[in-house]
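A.B. asks: The structure that follows is given in the form of structure tokens.
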Amino acid sequence: MILPIIIYGNSFLRKKCIEIDKSYKDINFLINNMYDTMYQAKGIGLSAPQIGLSIRLFIIEYNNFLKQKFKKVFINPIIIKKYGYNLISKEGCLSIPNIIENIKRKNNIIIEYYDENWKKYKQHFNGLLSIIIQHEYDHIEGKLFIDNIFILKNILIKKNFNLNYNLYKLYKLSKLYKFYLIYRSRYRI
């Protein structure tokens, strides 16, 4: 089942999520629906807050250029350590459509989490997988990738989202304004 994705501007995306336990109902059904939603949206990761659930859960499926597939469920993850050099990569987000920005993140992380079978892991990830995990992890912490960009650019992006509807209205008004200018020139008003 395809679930609706919450879009930037909704305060729900800014909430820090809570942990769940084995008694959480229909976790596998939820995870399958999250994968369906992510595939439909052509994403490589999706977090629970993006679909309106304030729980510490995200999924990732990534195929690298070597055609190696990485598919993983992260329940109650905790990033223990971020280290190494800073890696700058382009990031986008299903909750912030049509915005792609260069973001600086650490190249290496150590993370503890449970999988969908409640098996506990403590793993090291680096490179692009580290970036993807940090991006999704930010969601369950109530953060967005645009929080990590240059402050002025951040303001412009936020204003852009708030003004999308206003731009549409301006477009409509511009047609009226052109009509007004023609009318004014003809009748010398």
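Using N, Cα and C of the backbone, Cβ positions are placed for all residues, glycine too.
Pasting the feature list from Swiss-Prot:
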ACT_SITE  E136  active site
BINDING   C93, H135, H139  Fe cation binding site
A.B. asks: Rounded to an integer, what is the Cα-Cα distance in Å between E136 (active site) and C93 (Fe cation binding site)?
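C.D. replies: Cα to Cα, E136 (active site) and C93 (Fe cation binding site) are separated by 9 Å.
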A.B. asks: Using Cβ atoms only, which residues of the same chain lie under 8 Å from H135 (Fe cation binding site) while being at least 6 residues apart in sequence?
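C.D. replies: Listed in sequence order, they are G45, E91, C93, I103, R105, F145.
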A.B. asks: Tell me, by DSSP, whether C93 (Fe cation binding site) is helix, strand or coil?
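C.D. replies: SS state of C93 (Fe cation binding site) = strand.
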A.B. asks: What are the non-local neighbours of H139 (Fe cation binding site), defined as same-chain residues 6+ apart in sequence with CB under 8 A from its CB?
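C.D. replies: Listed in sequence order: L13, S47, A48, P49, Q50, F58, S95.
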